[in-house]
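What follows is a short report on a single structure.
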Amino acid sequence: MTLIVTGAAGFIGSNLVKALNERGEQRIIAVDNLTRADKFKNLVDCEIDDYLDKTEFVERFRRGDFGKVRAIFHEGACSDTMETDGRYMMDNNFRYSRDVLDVCLAQNIQFLYASSAATYGGSSRFVEEREVEQPLNVYGYSKFLFDQVIRRVLPTAKSQIAGFRYFNVYGPRETHKARMASVAFHNFNQFRAEGKVKLFGEYNGYAAGEQTRDFVSVEDVVKVNLFFFDNPDKSGIFNLGSGRAQPFNDIASTVVNTLRSLNNEPALSLADQVQRGLIEYIPFPDALRGKYQCFTQADQSKLRAAGYDAPFLSVQEGVDRYVRWLFGQV
């Protein structure tokens, strides 16, 4: 049977295609928008059966042009949280998703889709409950609104619907994301270019570099998606983060030490890295005051209750692997 991956040339989508290939799956229809042509590089080492532009996909999907489809991994979206064109965002992230969902429901096709931790916005709690969801931008709202649709249709759905609220994902195949790429990616490039990593200084009661995020490796994101793919009886909306809140200092320090290791230099403590000027703290920008989340951490209770029991990579493990991969691409 055929599998479909939307956003297939993007960050998470291409990692899913590669992982499916490694399981022997090659009847994969890749759907994307290659206006940003450099994304094609993410699929060069992948095997797909066909490629479609997103503009022609939904109608052909609705007509049944692809034969028997087992599942769709719906990763296609505009993920730029700085995008201010609300009509564009809602069309890409909400309306497009609704159209794909409607076909899956009508044809009893597994529907696994990308939500986002941006649905929580200004909340200090990160649990999959309507009361704590406070999106701060139109990107977060587009994901939030689609999640509300899912909550309404879940009780009567005859096929699987599984949504994943991705936290701060990092890992291979994100180069095309440019300014929206992960902190680890930018720290890597900054250290190679300048010999140091710059982090925000003290703010809102957090010491320099100690603002925290739930950083999750794309390896774990893929594993969770595949777990639900293998368990079509499990539906719902689930947080997909490591369950740990780790400071930006951990990312920067791991990037520095991994690059030092690759240069046959010994690891240094964070204090030594700062003392040597390898990590530098800059004043917190006025433009971000009052608009910046100093803490995120996925509540994994619902994910674990669904039966996913594998451990998640820590920043030290995952970023080390990622930096070594990036170094091999240089």
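Yeah, the Cβs are placed from backbone N, Cα and C, and that goes for glycine too.
From the candidate list Tyr88, Tyr96, Tyr113, Tyr292, the residue Swiss-Prot records in the substrate site shared with Asn168, Arg179, His186, Phe200, Gly201, Glu202, Tyr203, Arg213 is Tyr292. For the substrate site listed in the record, the two most distant Cα atoms among Asn168, Arg179, His186, Phe200, Gly201, Glu202, Tyr203, Arg213, Tyr292 lie 23 Å apart. Cα to Cα, Phe11 (NADP(+) binding site) and Tyr203 (substrate binding site) are separated by 31 Å. Residue with the densest Cβ environment among the recorded positions Lys39, Lys143, Lys177, His186: Lys143, by other Cβ atoms within 10 Å.
Cβ neighbour counts within 10 Å, taken over all protein chains shown, single out Phe11 as the most crowded of the recorded positions Phe11, Tyr139, Tyr203, Tyr292.
Neighbours of Glu75 (NADP(+) binding site) among the recorded positions Asn168, Lys177, His186, Gly201, Tyr203, defined as a Cα within 10 Å of its Cα, are absent: none qualifies. When the Cα of Asp32 (NADP(+) binding site) is compared against those of the recorded positions Tyr139, Asn168, Gly201, Tyr203, Tyr292, the shortest separation belongs to Tyr139.
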